[in-house]
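Below is one structure, written out as structure tokens, with a few remarks after it.
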Amino acid sequence: MNIAVLLSGGVDSSVVVHLLCEQGHRPSLFYIKIGKDDADYMDCSAEEDLEMASAVARRYGLSLEVVDLHREYWDNVATYAIDKVRRGLTPNPDVMCNKLIKFGCFERYAGKDFDFTATGHYAATILQNGKVWLGTALDPVKDQTDFLAQIDYLQVSKLMFPLGGLMKQEVRDIALKAKLPSARRRDSQGICFLGKINYNDFVRRFLGEKEGRIIELETGKILGTHRGYWFHTIGQRKGLGLGGGPWFVVRKDTDENVIYVSRGYETEQQYGYEFSMQDFHFITENPWEGVEGEIPVTFKIRHTPDFIGGKLLQDGDGYRIVSEEKLQGIAPGQFGVVYDEASRLCIGSGEIKYSIPLNPQYPLS
Ligand SMILES: Nc1ncnc2c1ncn2[C@@H]1O[C@H](COP(=O)(O)OP(=O)(O)OP(=O)(O)O)[C@@H](O)[C@H]1O
């Protein structure tokens, strides 16, 4: 079997190489290089990553190719992120990086020549009814299926996730025992290349700064100023610079450059039970084809270990989720990721369009 491994130089993908070699494979290794734009907001860990990847390749006597996807990344993922932020939405660059870069451009460049592409993502592939499905990882804290929820059938059917059945601690133990050069490296944030840069600096470079008002939603009282709605996201608590909190961002008016906040953990303004999704994407296929009415599912609206129970409803051309529990900070632009009731299969995802607040007072932006 002909296998390509996406090797980042981190502990996870290094263990993937180790495990595949132990099983008798001789995978080809690929390091994806995304250079910094021409600005100075990327740290030097990228160089260290490549050194680590080279050390792993040497250790196992495998070939390592550096694939430069710099242009593709900035043209696709960075442009997508800026476009969303400009429109007051909360982008998810990790989701787009997996879909377009790690498994999109890479597949066209090199992956196409291999039977499988293996990565250190915490996820699984599951064969069911003759089709390959994206499955959740054994380790709920590390599960990364939410970042993979926009990949397509060609991608999922060619992917291998050798770490899906392991807990993170087991992976570390394997790395230590095998004396892998990367064994003691700290965990990356689980975020894509954009995670290596200062996000505010990145946004500032493209959208600049523009002072606007921070207003208390319930009273209309002006509490302070901010430097542009694009630096803030729905559900955000930190970085508002207001005393007497906690304060949460609950609305954004992009036309007026106003941020609405609400005070206290229990404030109803920051919660909702429902949201709609647009452009819903099924990874393998729609398992509920022809099913009428409410479908019991679990779902996530952000990268957390918890799967939330709810119902999926067809809503015109799109889909809507009605949650069993109150949801904090439903951020339009993020993905609603849908799983089967047992949270075993990741079915697909759609971009959150708007939330239906419990007590709407202002039109949503
Ligand atoms: N620069 C890169 N080049 C090649 N593959 C990469 C690169 N960055 C990430 N990957 C692949 O995507 C997987 C998930 O990446 P993520 O950024 O979430 O890191 P991670 O889970 O901490 O994994 P690792 O410890 O291997 O860095 C990695 O395990 C690796 O297979």
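Placement of Cβ uses the backbone N, Cα and C atoms for every residue, glycine included.
What TrEMBL annotates here:
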BINDING   Leu6, Leu7, Ser8, Gly9, Gly10, Val11, Asp12, Ser13, Ile32, Gly120  ATP binding site
ACT_SITE  Cys97  active site, nucleophile
SITE      His121  site 'Interaction with tRNA'
ACT_SITE  Cys192  active site, cysteine persulfide intermediate
DOMAIN    200-263  domain 'tRNA-specific 2-thiouridylase MnmA-like central'
DOMAIN    275-352  domain 'tRNA-specific 2-thiouridylase MnmA-like C-terminal'
SITE      Gln334  site 'Interaction with tRNA'
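Features per TrEMBL, on structure.
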residue	record	DSSP class
Leu6	ATP binding site	strand
Asp12	ATP binding site	helix
Ile32	ATP binding site	strand
Cys97	active site, nucleophile	helix
His121	site 'Interaction with tRNA'	coil
Gln334	site 'Interaction with tRNA'	strand
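Among the recorded positions listed (Leu6, Ser8, Gly10, Asp12, Ile32, Cys97), Leu6, Ser8, Gly10, Asp12, Ile32 have a CB atom closer than 6 Å to some atom of ligand 1, in sequence order. The recorded positions under consideration are Leu6, Gly10, Cys97, His121. Their Cβ neighbour counts within 10 Å are lowest for Gly10. Considering only the recorded positions Cys97, His121, Gln334, the residue whose Cα is spatially closest to the Cα of Gly10 (ATP binding site) is His121. Cα of His121 (site 'Interaction with tRNA') to Cα of Ile32 (ATP binding site): a distance of 15 Å. Here the CA atom of Asp12 (ATP binding site) lies 18 Å from the CA atom of Cys97 (active site, nucleophile).
Between the alpha carbons (Cα) of Ser8 (ATP binding site) and Gln334 (site 'Interaction with tRNA') lies a span of roughly 25 Å. A Cα-Cα distance of 26 Å separates Leu6 (ATP binding site) from Gln334 (site 'Interaction with tRNA').
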